[in-house]
Structures are given as C-alpha cells and as structure tokens.
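Below is one structure; the comments refer to it alone.
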Amino acid sequence: MGETEQLLNSNSISKVCENIEADLNNNLPPWKEASFTQKVHIIVLYCFICLPVLVLLSVVIGGYIIYVTLYIYYLIEGEDDTPEIYYFHSDEEKSNARLRGYIFLIIQTWCLFLVLLSHSRAMFTDPGKIPDTHQWEVPSDGNSESSEDNKQLAERSKKGSTRSCNHCKKKKPDRAHHCRQCNRCNLKMDHHCNWIANCVGYFNYKYFFVMVFYGSISIGLFMATFWECLVVVLNDTDSSTVLCTFVILSYSLISLLGIAVIGFCIFHIWQIKNNYTTIEFCEKKRKNIPGYTKSPFDQGTIYGNFKNALGDNPLIWFLPINCKKPEDGLYFK
Ligand SMILES: [Zn+2]
Ligand SMILES: [Zn+2]
C-alpha cells in the first residue's frame, strides 16, 4: 500500500512543494513588507502550491462531464442519433437503460457534490495546532514534566521525557508532528497532502477520508460501466479518430488513477480500523519496531477505532460534517 501512497503523493511533487514553502517561510518577507519583485515571487510560489489542487479539481469535474455527456446522455435519451450498436434495441431494453442512466447519474452527482464539499472543507479546515498556552511551552529549566497534564502523554523521547519540537519550541502532544511544508506542528498529523494544499490532521482527517471514499465510489462506478461507451465508440463506423482516441485515453487514464485512489481508500480504512496515522504506520508499524505490534491508541474494537477517527455518531461518518470538539486533539486514551 505504501506504493499507492507514493503514487498519489509522489516524492518529487512533495519535494518541490516543500522547497516552495520553505522559500515562502524562510526566504521571503511577509506580504506587507515585500518589495514589488518579492510580491511577484510570492504570487508565483502560491500558484505552484495551488497547481496540484487545480489538477485534482479539473480531473474530478472533467471526468464527471465526460461520463455524463458520452455515456449517461445516450442511456437516458437513446434518441434516433444513438449509434445502432448501443446495447438497447427493444422498448424494454431502452427503458432499462434509461433507469440505469438515472441511477448512475444520481450516484455520480452525489459523489461529485460530496467530493467537492469535503475537498474544500479538508483544504480550509485547520488540522489543529499546539495551543500557545504556558502548559505547552518548553520550560527554561529543561524540566519537561513540570505540568501535571504532561504526565498523561504516552509518547516519549528516546530519553523518556516529553517530546518537544525544536522548530516550534513547544512540547508535542501525543501523535503531533512537525510539518516542514506547513512550518509548524499539527495535531494527530497524518501526512501533508499537496492535493488539498494542507496537512491532514486531527480536525480535517474526516473530510480528507470522506473525499477519498466518495472519489473511490465514483471512479469505481466509472471503471465498471464506461467501458460500454468505449465498445460502442470503437464499433461505430461514424466515430471519428479524435473521439476514439479521446475515449480510450479517458478510460485508461481515469482507470489507472482509479486503481490508485481505491487502493489508497482501502489503505485508509485499514488504518482507521487499526487506529494508525500514516506517519505512525510508516515510522513504526512498517519498520517492525520491537514491541510495536499495535497502536498504543487502539480502542480495542473496530467500532471504537472508527468512532475515534470519524466521530461518535455513525450516521454522519461518511458525511463531511464536523465531529470534533475544538478543545480535543491533545490527549488520546
Ligand atoms: Zn513544530
Ligand atoms: Zn503540512
């Protein structure tokens, strides 16, 4: 599954984005203090950060338009100009095709709506940061155990003390990690996702998961049905070469993407089931660290682990509705 992760969040894209954000954070002044050329530089860098987001949105919306205009339209309309070799000839076949068309249209529109909504929520929701309160400050005397609350933390540094971040100069709550692209620590950090130009963490993980989940359903339905259009177009003597090439390319590319997205979704369902974040999986589970047979945050039941990630109410698990209280994300049982 790690390969799928790499495919979607390829190292080269991550590296480029990391360099861009390091440039923004360290080498350029804030917007108000920037000179004209620095402002141009900042705008260009922001365009680069937005590029993966625009690519993703174009693929999602473009795929929907292709599916509806080249496939659903003929299922529902089935007019005289529908190619003869379409799979329906009798009235009964036509009404079956129409019914199928309406069902597919409803599913794809619902998925598109939820993918776009959860994408925007994942993008604009803060993943959660360490509070600026005294409790999380690294004390000057170096006694990191000074606060009662810190004794509740399960994750420890190699020396056995509370973990702290050298960049943010703060103590780290369990499951929090420093993101070089965001240039700060994020609560229950999963990974930095360039497709949403944001880190995936405690408060936006659910939106990210819902986006991947409906993306998988939509793309799975596309792969399972759009081949019909491919067969029709290739067998129709009236089809132009441009149309044939376009349909073949669309089906192949979206299916390749589909295999990656569905694999990624299964990987995240497995992670939720076992209460891992991607970082924990990569740093501990995959490396087979001795004594690390399961997540220390495992709730004991699959239901408990799903509740932990997607909220207490199972009725809204698969909807991009907030399930976290603002004060949460610092301590985990
Ligand atoms: Zn940090
Ligand atoms: Zn980040």
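Each residue, glycine too, has its Cβ placed from N, Cα and C.
Annotation source TrEMBL lists transmembrane segment at 43-76 (among others). Residues 13, 16-17, 20-21, 23-24, 28, 82-83, 86, 97-98, 100-102, 104-105, 108-109, 112, 115-116, 119, 123, 194-197, 215, 218-219, 222, 225-226, 228-229, 232-233, 247, 250, 254, 257 of the same chain lie 6 or more positions beyond the ends of the transmembrane segment (43-76) yet place their CB under 8 Å from a CB of it.
For the transmembrane segment (99-117), the residues of the chain that approach it from at least six positions outside its boundaries are 57, 60-61, 64, 67-68, 71-72, 75-76, 210-211, 214-215, 217-218, 221-222, 225, 319-320, judged by C-beta separation under 8 angstroms. Per TrEMBL, the feature transmembrane segment maps to 99-117 (among others).
Annotation comment: TrEMBL describes 135-171 as region 'Disordered'.
What TrEMBL records for 148-158 is compositional bias 'Basic and acidic residues'.
Sequence annotations record features per position, and here TrEMBL assigns domain 'Palmitoyltransferase DHHC' to 160-284.
Beyond the transmembrane segment (207-227), the same-chain residues lying 6 or more positions past its ends with a Cβ under 8 Å from any Cβ of the stretch are 60, 63-64, 67, 70-71, 104, 107-108, 110-112, 114-115, 118-119, 121-122, 125, 190, 193, 196, 200, 250-251, 254-255, 257-258, 261-262, 264-265, 268, 272, 309-310, 318-320. TrEMBL lists 207-227 (among others) with the feature transmembrane segment.
Taken from TrEMBL, the feature transmembrane segment applies to 247-270 (among others).
Across the domain 'Palmitoyltransferase DHHC' (160-284), DSSP classifies residues as 71 helix, 17 strand, 37 coil. Looking just at the domain 'Palmitoyltransferase DHHC' (160-284), the mean pLDDT is 92.
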